[in-house]
Each structure stands twice: as C-alpha cells, then as structure tokens.
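Pulled from Swiss-Prot, these are the features on record:
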TRANSMEM  7-27  transmembrane segment
TRANSMEM  92-112  transmembrane segment
TRANSMEM  118-138  transmembrane segment
TRANSMEM  159-179  transmembrane segment
TRANSMEM  190-210  transmembrane segment
TRANSMEM  253-273  transmembrane segment
BINDING   HIS255, HIS308  heme binding site
TRANSMEM  280-300  transmembrane segment
TRANSMEM  302-322  transmembrane segment
Amino acid sequence: MKAHFGVTVWLGVCCSMTLLMVVIGGITRLTHSGLSITEWQPIVGVVPPIGDEAWLREKEKYAQTPEYRHRAADISLDDFKRIYIIEYIHRLFGRALGAVFCLPIPYFAITKRINRAMVAKLLMVALLGGMQGAMGWFMVKSGLVDTPRVSHYRLAGHLFLTILLFSILWHSFLRCAGVRSTTTTTNARFFTAAAVVGLTVLQMVLGALVAGLDAGLTYNTFPLMDGAIIPQSLFSAKLWHGGFLHDVTAVQFLHRLVAVLIVVCAAPLPFWLKTRGAWLFLACVALQFLLGVATLVSVVHIFLAAMHQVFGFVTLAAGVHMLCRLRREGSTCISGHAGIS
C-alpha cells in the first residue's frame, strides 16, 4: 500500500530541489562566489542590494576579506555583482527548500496523511536542515579570516550533511512510493552491496576534500600521477608529518584509489543480486567514474565538475534504491507504506 499521493509528490519535489541545490552549490564554489556575501542574515538577507550605493557597501565589505586581497583586488563592480548574485541565489534557494519542506508537515500531520513515526523522522530532517544552514555559514567564516578559501574540512562537513539529508529524504520517498524489499539475497551479498554504497558516501566526502584543496587542478592525467600510478611524493616524510589530508597529492590519490575500488566492487553486484537496481547502480558508478576522469583531464571544467558533483548524488540514490529492493535471508518483507497512519 502506498502513502498518500500528495506526500509522495512532496517528498519527490524535496529530493529534486536538494539535487538542484547541489548543482547551485557546486557552481557557487567553482566560480569562487561563495565568499562574496560576508554576513549571515537569514531574514533580512532575503532582499538583495538595491541601487549603486547598496552595492558599493557590499563590495566594501568584500574588500575586507582575504579573497579580495589575494585574488580579486581589481574586481569591477559589475564582476562583483555577478559573483554576489550567484551566492545570493545559493542562499535564497536554500531558504526556499527549507520552506517547501517544513511548511507542509503540520498539514500532513493534522490531516493524518503521515503517522507519528514519520512526523518524528521529518522533524529530524528539518533539524538537520537547520544544522546544514549553520554549517554553511561556519564554512564560509573560515574563508573570511586568514586564507582566501574555506576550510576543506568544513566543506566536507557541509557536503556530508547534505548527503545525510538527501539519503533520508530519498529513502522516505521510495518507501512512500511503494518500493518494496522483494529480492531475497544472502547476508554476505546484502552487506557487500551496503558496503559499496557506503564507499560511495566516503568517495563523495573525499571529493569535497579534493575540491576544498583545489587538488583537481594538479596531476591532470589518468591513470598516472606525475608519470606513475603511485607518485613518489606520497613517500615523503614531510607529507606524513604535515598531515595526510592536508596534502593535495595524498587527497587526490585517495580519491582516485577509492574510485577504482568502487568500480571493482560494484562490477559483480548485478551478477550476485540479479536485480535491475544493481545494474542501474553499476551504470551510475561507471558514468560517475568517467565524469570524474573527464573533470580531472579538463582541469576542472565548470560544467563537468558540477555534473560530477551532482551525479555523485544520483549514484547514491541508485545505491539506496538497490538496497531498498533487497531482503536478507530470514528477514520479513519490509512494506512500502511507511509514512501513513
């Protein structure tokens, strides 16, 4: 039995908006627009600057940032407006997504279209959404102090919260849409499939570290790095003393290594599980791998990089869908009507 049609559509819209938010966030980062707005004003920040005087005030605030001093000291007002508008759209769309998600919850709860367990789950998602907004500002603040870029650790945390939010929303949508656990498989194969999906999440977080360090701008060949599969600089004592995850070479190598590991581990899944979901997941993994290579050799072309980022979420969605279709030996079938009373 499926959940109320309106609830299913609403969750589908929220998932779609989250993916679009990922695209906008990626473009914001790739165009170096994220530090153009130097204040966090959740309410009054809805209104953009109006008139040249207001724009000049915003540009003066931007002039106090490390990014301006190191990278954009000669930026014109028109160019500043361009990067400001990109970040403004990023923040405004985040507010819109929050409203679209939060406002219908009381209505669905009062009209009994969702049960208490689903209400609690959705309120947890709303709380995570608030944390995501705060984490976004916490990330931006790291680029307003000393260095002209945000902390790659905070960027990874920002992305991880998005991954968590999207996964919960997508799983809820699948259950409300009537997706059921219909294919029985062994515990070993089920947990192997789950581990590959977990590796996908790890790889997405590693991608955020790569992006935060601008590591994609170096070693723009594949499969070799500086003429070798394993670059010699990985064996440098300086690297290990300075911090492995602070090093551009180490982080990019890890990202490459996990990408290959995911492909190798995902390849046998369709033959083990014998489901269309496993084939879809493998196809997404393969395409995402090719997008990653294309992004690297293009020296992070904006379109390819944005597609690579959002397709990571598409691959994750395919993985969650694959797992939702599986039932372990000895377990009872999980019905697809979570969310209704």
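Just so you know, glycine gets a Cβ as well, placed from its N, Cα and C.
Here the listed stretches are 118-138, 159-179, 253-273, 280-300, 302-322, and the one with the most C-beta pairs under 8 angstroms to the transmembrane segment (7-27) is 159-179. For the binding-site residues HIS255, HIS308, counting C-beta atoms within 10 A of each C-beta gives the highest total at HIS308. Tertiary proximity for the transmembrane segment (159-179) is limited to same-chain residues at least six positions away from its ends with a CB under 8 Å from its CB atoms, namely 1-3, 7-8, 11-12, 14-15, 18-19, 21-22, 25, 118, 121-122, 124-125, 128-129, 131-132, 135, 201, 204-205, 207-208, 313, 316-317, 320-321, 324-325, 336-340. Within the chain carrying the transmembrane segment (302-322), a Cβ under 8 angstroms from the stretch's Cβ atoms is held by residues 15, 18-19, 22-23, 25-27, 30-31, 163, 166-167, 170-171, 174, 179, 193, 196-197, 200-201, 203-204, 207, 211, 216, 269, 273, 275, 277-278, 280-281, 283-285, 287-288, 291-292, 294-295, all 6 or more beyond its ends. Away from its own ends, the transmembrane segment (253-273) comes close to residues 183, 185, 189, 192-193, 195-196, 199-200, 202-203, 206-207, 209-210, 215, 222-223, 225, 230-231, 234, 279, 281-282, 285-286, 289, 292, 322, 326 of its chain (Cβ-Cβ under 8 Å, at least six residues beyond either end). Outside the transmembrane segment (190-210) by six or more residues, the chain places 152-153, 155-156, 158-160, 163, 216, 245, 251-252, 254-255, 258-259, 261-262, 265-266, 269, 272-273, 278, 281, 285, 308-309, 312-313, 315-316, 319-320, 322-323, 326, 328 with a CB less than 8 A from a CB of the stretch.
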